[in-house]
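> Have a look at this one.
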Amino acid sequence: MTYVFPETIAAQATPSGRGGIGVVRVSGEKTKAIAQKILGCVPKPRYATFVKFRDSGSVIDEGIALYFPKPNSFTGEDVLELHGHGGPVVMDRLLNTVLKAGARQARPGEFSERAFLNNKIDLAQAEAVADLINASSEQAARSAMRSLQGEFSKRIHQLVDALIQLRMYIEASIDFPEEEIDFLADERIKETLENLTHQVQEIEKTAKQGALLREGITVVIAGEPNVGKSSLLNLLSGQETAIVTDIAGTTRDIIRESIHIDGLPIHVVDTAGLRLTEDVVEKEGVRRTQKAVQQADLLLLMIDASKPTEDFKKIIAQWFSENDNKIPTLIVENKIDLIGEAPRKENKEYPHIKLSVKTRAGVELLKNHLKNTAGFEATHENNFIARRRHCDAIARASAFLKNANNHLLNQKAGELVAEDLKLAQNALSEITGEFTSDDLLGKIFSEFCIGK
């Protein structure tokens, strides 16, 4: 069944700016009437038709029109796409003509929202549309495409169906107590519940990988002036992002650069050198450094390996006495080329990596540590893209299933087991949108671009 929305919507579906082609998309009950006004006809469904786009008889542009009648369209409504020349003036005139003919400007994500409400895609697939557009690596794009094609949703639906079947079986033992069968003592219930718990734990691991592909981790490089922080940023990013000189205090502000290591997005933050200073600008840089550190997933505390050992022990002790030591920290001992040491990793109170940014010795050790800290598996080919809300929902489902196991094995409490299964089912159904609040839907679709 197609949901009938009272308003027809329109938006430019291609990015703003100059381009060879620009597309205006229309969806809703007035689509055919709008086509008749602007094109003088309703194009043959699913055929590219070359036409002139007119406003009150005056030709605005000429190009290709594509018409998709309901319900076999992206939104499930009548959809019209007008492909014209991609100049901003032309696109503005064409969109304004469509709006004047009876449509209104679409909100961000409103086309995808209508597709979801008309059961053309589920919520996880709708989110995958945005994730595919925003993918920052080839691996993220492939994973988003798998989600868009429904692989993630299929696994969630299979789990939900299995939970429903098990819950029905357990509820039967509650509703028909006169039957002389102890359903809860049935070994198959125990095995099924254990199997479902394991499956949810496995999909939780995969979802975490998908969330890492989408969001990555934030790594902050901090330390005293002139220890090689900016040089490390330049080395990791592969370009001269930060100015590097022998003068202490060159970096006075936060410098951010996004890189990829085997598909893992890493947001690297280079910071001002930490030292006592009377310079007002440098003081502000130090303050921003301390703020950036609090938002880090991993801190790289850089020190100069060529200095006496007691000096950098004092630096490390002072740092952790003044800052939150709950943030995962790696001590990076740079400039080992000056003292003739080989690169290596040491696991002390805090892990240490000895390297030389100048010679690149030990840099692979650092990259591997970044991936391991994030829990990233670069060779995981069956990843789907995931969001934090997906991970949260799966984690809640996993917790409910653990409760169900406890209630089954230790208390033989059928009612509690059934309730745990229902809660796990609802948590998983939030992912595909079958059990979702309107507030969450509004938040999700508001993050889309206009025209999608």
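Cβ coordinates are placed from backbone N, Cα and C, and glycine is handled just like the others.
The (6S)-5-formyl-5,6,7,8-tetrahydrofolate binding site feature in Swiss-Prot is assigned to ARG25, GLU81, LYS120, LYS452. The domain 'TrmE-type G' annotation in Swiss-Prot covers 216-375. If you look up Swiss-Prot, you'll see ASN226, THR245, ILE247, THR250 marked as K(+) binding site, on the strength of sequence analysis. Marked as GTP binding site by Swiss-Prot: 226-231, 245-251, 270-273. Swiss-Prot lists SER230, THR251 with the feature Mg(2+) binding site.
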> Which number gives the other C-beta atoms within 10 angstroms of the C-beta of SER230 (Mg(2+) binding site), all protein chains shown included?
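There are 23 of them.
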> Nearest of the binding-site residues to GLU81 ((6S)-5-formyl-5,6,7,8-tetrahydrofolate binding site) by CA-CA distance, picking from ASN226, LYS229, SER230?
SER230
> Whose Cβ, among the binding-site residues ARG25, LYS120, has more other Cβ atoms within 10 Å than any of the rest?
ARG25
> Just the number: how many Å between the Cα atoms of ARG25 ((6S)-5-formyl-5,6,7,8-tetrahydrofolate binding site) and ASN226 (K(+) binding site)?
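Pair distance, Cα basis, whole Å: 54 Å.
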> Express the predicted model's confidence over the domain 'TrmE-type G' (216-375) as a mean pLDDT, rounded to an integer.
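A mean pLDDT of 78 is what the predicted model shows over the domain 'TrmE-type G' (216-375).
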> Under DSSP, is ASN226 (K(+) binding site) helix, strand or coil?
coil
> Could you round the CA separation between LYS120 ((6S)-5-formyl-5,6,7,8-tetrahydrofolate binding site) and LYS229 (GTP binding site) to a whole angstrom and send it over?
50
> When you measure from the Cβ of ASN226 (K(+) binding site), how many other Cβ atoms are you left with inside 10 Å?
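ASN226 (K(+) binding site): 20 neighbouring Cβ atoms within 10 Å.
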